[in-house]
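Q: Under the heading compositional bias 'Basic and acidic residues', TrEMBL lists 111-122. The compositional bias 'Polar residues' annotation in TrEMBL covers 123-146. According to TrEMBL, the feature domain 'WH1' maps to 1-110. Sequence annotations record features per position, and here TrEMBL assigns region 'Disordered' to 111-153.
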Amino acid sequence: MGEQPIYTTRAHVFQIDPSTKKNWVPASKQAVTVSYFYDSTRNSYRIISVDGSKVIINSTITPNMTFTKTSQKFGQWADSRANTVFGLGFASEQQLTKFAEKFQEVKDAAKLAKDKSQEKGDTLSNHSQESGRETPSANQASSINGTDDEKISFSPETAQLKSENERLKSCVEQSNTTAKKYETELQTLKESNARLVDALQESSANVESWKKELTVCQEESETLRKKIGELEAQCKEANQEKQRNAQLTVRVKELEAELQEKEQELENLRRQAEIIPQLMGECESITAKLKVAESKNKELEGRIEGLQMDINDSRQKQGNMKGELKKFMDVLDGKLDELHEFRQGLAKLGVDN
């Protein structure tokens with residue numbers, strides 16, 4: 001029958017970097033077929049994968065091999081004969097699980113086949129030793145008790161025993177060769193195990209360095225969180241400052257409205273002040289009339305007494321009018337001073353804002 005495929009799947013194939021023993025090197029550019037083969041003649045199992053015309057996996061499964069899942073879609077195993085570590089990346093976790101289960105099944109079958117081969121070798125070795133012990137005694141009995149005719153009669157049995165003895169010797173030699181082969185494989189496995197232990201120690205060292213880097217990253221993250229908290233506090237202060245500025249803006253608008261009202265009052269006062277020259281003109285006209293009246297008084301002394309009351313009344317009114325005008329001017333000066341101080345205060349407030 002030869003080798004026959006017993007299970008086939010597809011995966012991305014990787015091999016460990018032989019120089020660093022850490023990084024994975026892609027053995028295929030895309031997902032390729034990975035198959036389990038069973039050789040009925042040798043009673044052995046192999047994992048084979050071919051990319052085009054290139055064989056990228058040719059790994060004979062032994063009982064000492066172990067398939068390890070390193071992630072949800074990636075698994076690996078070490079092949080001491082090929083002196084490398086193979087890695088497979090699957091499209092789904094189910095494919096990885098099925099491949100791992102098949103690996104364990106084939107591994108158990110290989111272990112059972114190895115145990116049967118050892119039992120068969122031990123049986124053949126024991127049988128060879130027993131035949132070696134029985135053959136000399138038979139030959140001795142034939143040489144002591146038998147005649148020539150008897151010797152001739154025992155010759156076929158002796159030849160059969162010799163041929164069986166030779167066959168058993170060849171089986172023993174083959175068993176010894178197999179034992180040496182297994183010893184070589186055991187030594188190779190020990191060396192591979194030592195390399196794997198070194199790789200594991202390096203991985204542990206890498207894990208420690210990663211932990212340190214993680215601690216540094218956590219400290220940096222904590223520092224950034226504190227800075228973010230400080231910035232948030234500054235943002236709150238900025239928001240409060242914006243609120244104060246908004247309040248000041250409202251206050252400035254109120255003051256501007258008051259200023260407009262004051263300016264309106266000032267305009268009214270100015271309009272009232274425009275009447276003062278007219279009143280002064282009237283006062284001058286009255287004064288002129290008084291002078292004319294005085295000049296006429298010399299001529300009309302008789303009318304002086306009658307007009308004296310009018311003159312006194314006019315002078316009194318003029319005095320009252322001048323007093324009111326003076327009071328009005330004082331009030332106007334006060335309003336102008338207040339307006340000037342108000343403008344200075346408003347200008348100072350604008351500069352502070």
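For all residues, glycine too, the Cβ spot is worked out from N, Cα and C.
Note that the structure is predicted; figures quoted are calculated from it, not measured.
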Q: Over the domain 'WH1' (1-110), what is the model's mean pLDDT?
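A: Its mean pLDDT is 91.
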Q: Run through the domain 'WH1' (1-110) and tell me, per DSSP, how many residues are helix, strand and coil.
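A: The counts are 18 helix, 54 strand, 38 coil.
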